[in-house]
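According to Swiss-Prot:
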- 26, 181, 182, 221, 222, 223, 224, 232, 262, 263, 264: dUMP binding site (BINDING)
- 201: active site, nucleophile (ACT_SITE)
- 224, 317: (6R)-5,10-methylene-5,6,7,8-tetrahydrofolate binding site (BINDING)
């Protein structure tokens, strides 16, 4: 048996495997892809942290709080031992004139295929992380990912140099004009795509208020179904909870709309392992603080009664 959250995710995986089309991609890994899909999660029924594999709430929550703070430097993440953005910052460093270590060309693919190189890569990455944490000048130069999510959410800059806090504006709109159809935040800033370590995959989200409940719909242009989507589901569900609390509302639905929904060819075995599992009951979320969303800390958030199958490892496509 599957709970409703895991079932929706499993059905998407099965549909992509069954009818998806093979496509090449930016990373040259290869994918099975489907264009256009939608999932709906009733957040009053629990918190959609998948149970058919262990998903780290700490990584999800600290990344979301990083976005909310408007931060774009991995130093904050590393302080929580959150490594999910490391490869993009590391890539910038090893391509710079300041790097004089072993050849790191195509380190992502090489580390998967060559164990001796993988050991060298891990050592270089560990040294890089230590420098980010302990050297402010180095962190400022090589820890910053450019104008990624946090910058666009909190400090969108137009062509005239005006700065716009989208997230704060939307929260104020929800409080003062809940029936507006303009509760939208966009991370897709066409004029700044080239300044980002990775163009935003989850590009735009909209809030909807009905009967005292706040719902959120995310449009995700590019969706890594195995590694990324379980995080995205939980992240935007958490964001909905935080903003609902900020605005004195209950939670409604999280609606997840996909553009290119894909399974990487080197994730298929991992997906099949997950699909063979039964689920547990979903956990619940506690927000143990009345602080503003902009002042919430990770320690204020609590996942209750989370039971899951073991994590399943798979390589990230850089």
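Placement of Cβ uses the backbone N, Cα and C atoms for every residue, glycine included.
Known features from Swiss-Prot, placed on the structure.
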residue : record                   : Cβ within 10 Å
26      : dUMP binding site        : 9
182     : dUMP binding site        : 10
201     : active site, nucleophile : 17
222     : dUMP binding site        : 19
224     : dUMP binding site        : 22
262     : dUMP binding site        : 28
264     : dUMP binding site        : 23
| Which of the binding-site residues 26, 224, 262 has its Cα nearest to the Cα of residue 201 (active site, nucleophile)? | 224
| If H, G and I count as helix, E and B as strand, and all else as coil, what does DSSP give for the residue listed as 'active site, nucleophile'? | coil
| Greatest inter-residue Cα distance in Å for the dUMP-binding set 26, 181, 182, 221, 222, 223, 224, 232, 262, 263, 264 | 36
